[in-house]
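J.: Per Swiss-Prot, the features are:
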BINDING   G170, D171, R172, Q173, T174, G175, K176, T177  ATP binding site
MOD_RES   T257  phosphothreonine
SITE      S363  site 'Required for activity'
Amino acid sequence: MVTIRADEISNIIRERIEQYNREVTIVNTGTVLQVGDGIARIYGLDEVMAGELVEFEEGTIGIALNLESNNVGVVLMGDGLMIQEGSSVKATGKIAQIPVSEAYLGRVINALANPIDGRGKISASESRLIESPAPGIISRRSVYEPLQTGLIAIDSMIPIGRGQRELIIGDRQTGKTAVATDTILNQQGQNVICVYVAIGQKASSVAQVVTGLQERGAMEYTIVVAETADAPAALQYLAPYTGAALAEYFMYREQHTLIIYDDLSKQAQAYRQMSLLLRRPPGREAYPGDVFYLHSRLLERAAKLSSQLGEGSMTALPIVETQSGDVSAYIPTNVISITDGQIFLSADLFNAGIRPAINVGISVSRVGSAAQIKAMKQVAGKLKLELAQFAELEAFAQFSSDLDKATQNQLARGQRLRELLKQSQSAPLTVEEQVMTIYTGTNGYLDGLEIGQVRKFLVQLRTYLKTNKPQFQEIISSTKTLTAEAESVLKEGIQEQLERFLLQEKL
């Protein structure tokens, strides 16, 4: 028979009473009324914020977007196949936020900042709200430093500055992504952190971009945020904001960042899908009334910060897809009105073999020459003028057979200048090479060559100047000006190479 010791029992009871924690945790819970198509309606979530994260019984996370008198409309950030009618939901009290750190560089992540490249977890000690307010007027300064894309047509005639927002717009398959990825490649060694956001694209297309960046060593300073076409609409809608939060982290740490949204048409479609399923009233083209605000609050986060905040910058290159060149559709007009200019890519030019297929006539940069170095300003003005005159003459020349010599010369010059703007993909040029190329064209050195010889000659000229006249590049990179000395070295180099080239071609 076991003897019961009363003092031992009383000690145990006393210990348990002392250890008893009277803390009460109050959890705000609700019940699922209806679920389907990536949307759930919840009853009983009393104190929930707009945009708050809610957690379902089986672990799926959702965002409360519609707060109505008798229920809450939630968009699901997962497939939600295990959610049932009547299952419980709890409010987390948090607005969507992501961890941020330097460790994200070189990684491929999803809209919730979880890695999807199979290379393990990413360590981060800080976090940022996905939706944070844009810098105010006092926090900014005007754009004055160039962000070189490596594409002659853009850097000379549609210059982009650090902190600018420049739209890349065009039909499908006109090389929009190629312009954006070339810009990333050109930031090598420029201390610019790049963020590429892929929204609603094929997984194979994203893999192709990532492979291209890895092969050329550009992933070292790049973060890829990807939500492919099979991702829930809520995640496709969130992806650009996640990218912006990561870029802001670096911007506020006095660094320069470049962010590419590829593309905002797909984000608008995902947002339209969510809004219609939440039964929000449709507007033009069935988009909800606040689709302008969707893009404006995203693009306003790009800025050039004031000297008090460390002069960091975030340059945005949003991409928008048009249908058969219609720039007057709803989303294109919205984004054009928000951004500081647009680069228009034309399917006709692309099919005619002019690549990058930039229509210089209707492309514009509202920052202009403030975002160019002096050397580029010196040569670009003449290029713009001559190309504009050429475009006018070309249209006129189609109806006239007998043209005077001056007109024929101008047309010949224009054709060679157009040839000079052609570039292969993934072959960005340094600003010194661009200045030299434009100078060669606008000063008539290409006029004696056949159109088919122009690109071959320019490639050889760049190599020749790099090896035999390195002082030209040194002067431009140190003074940022095409000085008289640099010009005489350049003239000498062009003439020497031209003689050699013509001799080679004769043989």
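Every residue gets a Cβ built from N, Cα and C, even glycine.
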J.: Would you kindly give the Cα-Cα distance separating S363 (site 'Required for activity') and G170 (ATP binding site), rounded to the nearest Å?
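T.: Cα to Cα, G170 (ATP binding site) and S363 (site 'Required for activity') are separated by 11 Å.
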J.: Can you give me the Cα-Cα distance between G175 (ATP binding site) and T257 (phosphothreonine) in Å, rounded to a whole number?
T.: 22
J.: Between T177 (ATP binding site) and the residue listed as 'phosphothreonine', what C-alpha distance do you get in Å?
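T.: That separation, Cα to Cα, works out to 18 Å.
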J.: Taking R172, K176 as the binding-site residues to compare, which has the smallest set of other Cβ atoms within 10 Å?
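T.: Lowest Cβ count within 10 Å among the binding-site residues (R172, K176) is R172.
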J.: Give the sequence-ordered set of same-chain residues, not counting G170, D171, R172, Q173, T174, G175, K176, T177, with Cβ within 8 Å of the centre of the Cβ atoms defining the ATP site.
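T.: Close Cβ neighbours, site residues excluded: E321, L345, A347, F350, A357.
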J.: Over all shown protein chains, what is the count of other CB atoms within 10 A of the CB belonging to G170 (ATP binding site)?
T.: 27
J.: State the three-class DSSP label for D171 (ATP binding site), counting H, G and I as helix, E and B as strand, and everything else as coil.
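T.: The residue in question, D171 (ATP binding site), is coil (DSSP, three-state).
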J.: Can you tell me whether DSSP puts S363 (site 'Required for activity') in helix, strand or coil?
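T.: S363 (site 'Required for activity') sits in coil per DSSP, no helix or strand.
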J.: Could you say which of the binding-site residues Q173, T174, T177 has its Cβ with the most other Cβ atoms inside 10 Å?
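T.: Neighbour-count leader: T174.
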J.: Just to be sure I understand the packing, how many Cβ atoms besides its own are within 10 Å of the Cβ of D171 (ATP binding site)?
T.: 18
J.: Counting other CB atoms within 10 A of each CB, which of the recorded positions T257, S363 comes out lowest?
T.: S363
J.: Among all protein chains shown, how many Cβ atoms are found within 10 Å of the Cβ of G175 (ATP binding site), not counting that one?
T.: 19
J.: Hey, how far is S363 (site 'Required for activity') from K176 (ATP binding site), Cα to Cα, in Å?
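T.: Here the two Cα atoms are 14 Å apart.
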